[in-house]
Amino acid sequence: MSKKPVRVAVTGAAGQIGYALLFRIASGEMLGKDQPVILQLLEIPDEKAQNALKGVIMELEDCAFPLLAGIEAHSDPMTAFKDTDYALLVGARPRGPGMERADLLAANAQIFTAQGKALNAVASRNVKVLVVGNPANTNAYIAMKSAPDLPAKNFTAMLRLDHNRAASQLAAKGGFKVGDIKKLTVWGNHSPTMYADYRFATVDGKSVKDAINDQAWNKDVFLPTVGKRGAAIIAARGLSSAASAANAAIDHMRDWALGSKGEWVTMGVPSNGEYGIPAGIVFGFPVTTENGEYKIVEGLAIDAFSQECIDKTLAELQGEQDGVKHLL
């Protein structure tokens, strides 16, 4: 028996990441090759953006995806999020020249407060929300706080791009196949302060840390390379990473919806006090997923260097949160 279509809302749908994302969702890469989807696409109510969205929709139609059961164009989150089962919040205000961080936080607080309220009002009560637009953790926190009738655990931020970047760097350093690396995680904020942690990682059951055995490389090369990878891509391409961000969003949602089969993945999720992270902060943790639920991997030893890295990324997140509290 064929499955009933699910509703997937995507914001910033005509942007670079949206363009790299939508065709893959429509082809079944995110929710499975047997799951029809209805795309509910949101763009700002600006004529240029809405026209660009029309063009993307024409292309989606021209792919004749068997799983694409419907496409809607919206300029208002109250209609875009109606009954949605999955919401990928990609659109955010980018940092412009001369813009202070406080201005960026305030501009995004406005967007994500409105979107959180709309999700609260009209989305499915089991909606799974992934915030991709930066600052992703804080934007997820704002949306979550603006949706008091939805479970806090339904709001997540994307750390999977950092996770995938870290896996790729480790594979290159150790001569591993990237798909063989297990038990890697990224702690904290999706920002250069994130802490990519391979102390528990294995390849074919053997320790990656022992194989690499180079703490100076970890501290001076690996962590800065992963942390500043986004900036390096902007410098090289003149545009921010779009296809890799879309790919990470697909990975995050696919694992959340369909299960990680016991493997660790990284998600930014609201803390319940695990690892000393204050409750409610949206923080990158190692998780496993099954039956549409994620579970934080608990009981991992945190050494002095790791604690220092976790404290640093936590301090940054608390600073961001303090910067938006008066706006909520």
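Numbering starts at 1 and runs along the chain as it is shown here.
Cβ coordinates are placed from backbone N, Cα and C, and glycine is handled just like the others.
Here is what Swiss-Prot says about this protein:
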- GLY12, ALA13, ALA14, GLY15, GLN16, ILE17, GLY18, ASN108, GLN115, VAL132, GLY133, ASN134: NAD(+) binding site (BINDING)
- ARG95, ARG101, ASN134, ARG165: substrate binding site (BINDING)
- HIS190: active site, proton acceptor (ACT_SITE)
Seminar exercise, completed: Across the binding-site residues (ARG95, ARG101, ARG165), the Cβ with the fewest other Cβ atoms inside 10 Å is that of ARG101
For this session: Taking Cα atoms as reference points, rank the binding-site residues ALA14, GLN16, GLY18, GLN115, GLY133 by distance from ARG101 (substrate binding site) and give the first.
Result: GLY133
For this session: Pick the one among the binding-site residues GLN16, GLN115, ASN134 whose Cβ has the fewest other Cβ atoms within 10 Å in this structure.
Result: GLN16
Seminar exercise, completed: If you count the other CB atoms within 10 A of the CB of ALA14 (NAD(+) binding site), including all protein chains displayed, you should get 24
Exercise. How many whole Å apart are the CA atoms of ARG165 (substrate binding site) and GLN16 (NAD(+) binding site)?
Worked result: 19
Problem set entry | Proximal residue to GLY12 (NAD(+) binding site) among recorded positions ARG95, ASN134, HIS190 (C-alpha distance) | ASN134
Problem set entry | Between ARG95 (substrate binding site) and ALA14 (NAD(+) binding site): CA-CA distance (Å) | 18
Exercise. Which whole-number value in Å describes the distance between the Cα atoms of GLN16 (NAD(+) binding site) and ASN134 (substrate binding site)?
Worked result: 14
Problem set entry | Spatial neighbour of ASN134 (substrate binding site) that is closest, considering only the recorded positions GLY18, GLN115, HIS190 and their CA atoms | HIS190
Exercise. Which of the three DSSP-derived classes (helix, strand, coil) applies to GLY133 (NAD(+) binding site)?
Worked result: coil
Problem set entry | Longest CA-CA distance among GLY12, ALA13, ALA14, GLY15, GLN16, ILE17, GLY18, ASN108, GLN115, VAL132, GLY133, ASN134, per record bound to NAD(+), angstrom | 20
